[in-house]
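Per TrEMBL, these features apply:
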type: ACT_SITE; residues: B:CYS327; note: active site, cysteine persulfide intermediate
type: BINDING; residues: B:ALA73, B:THR74, B:ASN153, B:GLN181, B:SER201, B:ALA202, B:HIS203, B:THR242; note: pyridoxal 5'-phosphate binding site
type: BINDING; residues: B:CYS327; note: [2Fe-2S] cluster binding site
type: DOMAIN; residues: B:5-367; note: domain 'Aminotransferase class V'
type: MOD_RES; residues: B:LYS204; note: N6-(pyridoxal phosphate)lysine
Amino acid sequence: MAYSEKVIDHYNNPRNVGTLNKDSKFVGTGLVGAPECGDVMRLQIEVGEDNVITDAKFKTFGCGSAIASSSLATEWLKGKTIDEALAIDNMDIVEELALPPVKIHCSVLAEDAIKSAINDYRVKNGLEAIALEKSHH
Amino acid sequence: MKQPIYLDNNATTPLDPRVLEAMLPYFTEKFGNAASRNHAFGWVAEEGVDYAREQVAKLIGCTEKEIIFTSGATEADNLAIKGVFEMYKEKGNHIITAVTEHKAVLDTCKHLEKNGARVTYLGVKEDGLIDLAELEAAMTPETILVSIMYGNNEIGVIQPVKEISAIAHKHGALFMTDATQAVGKIPVDVNADGIDLMAFSAHKMYGPKGVGALYVRRKGPRVKVTAQMDGGGHERGMRSGTLNVPGIVGLGKACELCRLEMESETIRLSALRDKLESTLNKMEESYVNGNTQHRLPHVANISFKYVEGEGLMMAMSDLAVSSGSACTSASLEPSYVLKSLGLSDDLAHSSIRFGLGRFTTEAEIDQAIAVTEKAVNHLRELSPLWEMFKEGIDLSKIEWAEH
């Protein structure tokens, strides 16, 4: 299967690879997927004043599309408010990266990772977790 | 675009130019139908086929009359298993095979189960070999066929064929082997090995695609299979259809070259494979899959823990290899062969198969080592699992959300 140019670009030059201090109360961490399934994403956000995401980092175990989806997600997250980040839909990722149907689950995982990171941040800061609707399109 | 280094010779091999040269006249001036008995065009084509039959027979130690040409190993597997089941159904309906067989064998057995066959699928030990005691225990008076592959396509392990055939014969069953990966690579002798039926293919040994053969024993015992295709009664009535003369000539030439060059080629390839494998196995958390003693000389299957196979192959785009990872197939299930060795799913997802061949050079192996090391290290930098492993976190204790 041929990858789109955008997937190859994110794969070869992944943006925002790394680790934020998961113990900081300004940092939310989402760890989704399972090694048995061949995909694990860890996505972290650092939230500043006015609920704006000031930094985002990822590490992903998975195929090229999974790596590209999470790399793209960190790019989109920076500078967004939490509410804006919650509005990111997996199909936006599918469209941007031109993922084929068999790789849509990679984008679903990226969306789950974003929501999971936001929830981790919310819970740390005494807010209620948002119910995660499983976004299987 | 620069061609990647080809290390997927278990999938297919390039055609040897000497094979091509032997085939070419049979596309043009020697175009006759080998079944045309009344004119020179037919005789010339038949001569080509007869010569090829001798070349094939010589490689596996049988007589020319025991070779049935087919379109490939898949057809030969089907013909052998379905043909034996139909021919010997008076005697019994039980077939024994193993879980690591190729789909051409497994799916044929599944098909027969719908038609009244009882099939035992033997598991394999951690090293990929079947347990002979388990085979012995599975034999019944109704067992008509034991079908166990010679060398495995994913991990290269060689089954104890002699011992398996002895057990089958002791209980009055026939022994069939899918030897697609073994014929031409290692010495295979149907008499020494006690083989009654054997499927193999040209394109795994530097011959053309679309042609293969089924060996069917004629003496001690005389084995018969029911034809699976109706028609002109070619190939002693067992496989109708106009013979693929250029392909058959190519298969013959390929067999001859393999026979003449096997000894030196085995030494050369196993040295290259061992260099590749031992260097890569020095990397942290890398594991060689399958038995390393009883193995084809040109295969290495290695898991690089904490990286995913398909992602890894993308970083190794300078190499043409294959992975046991789910993502390479539509099923999302990792390799059933690796899983049957007891490998956890994550290790199966992390596996790469290197298949060396006649045209692989040492310079290519050196480059393959460098590319693989770089790719594994790059992906581990990206891998949250690698980071957790390095921090001493026990990944098996984490509650993963299966998706």
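The backbone N, Cα and C atoms fix where each Cβ goes, glycine too.
Remember, it's a predicted structure, so these values are computed and weren't measured experimentally.
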Mean of pLDDT values spanning the domain 'Aminotransferase class V' (B:5-367): 95
Neighbouring C-beta atoms (10 Å sphere around the C-beta of B:GLN181 (pyridoxal 5'-phosphate binding site)): 28
Least Cβ-crowded entry, counting other Cβ within 10 Å, from the recorded positions listed as B:HIS203, B:LYS204: B:HIS203
B:LYS204 (N6-(pyridoxal phosphate)lysine) as reference: those binding-site residues from B:THR74, B:GLN181, B:THR242 with C-alpha within 10 Å of it: B:GLN181
Of B:THR74, B:ASN153, B:SER201, B:THR242 (the binding-site residues), the residue whose Cβ has the fewest other Cβ atoms within 10 Å: B:THR242
Site of maximum Cβ density within 10 Å, from binding-site residues B:ALA73, B:ALA202: B:ALA202
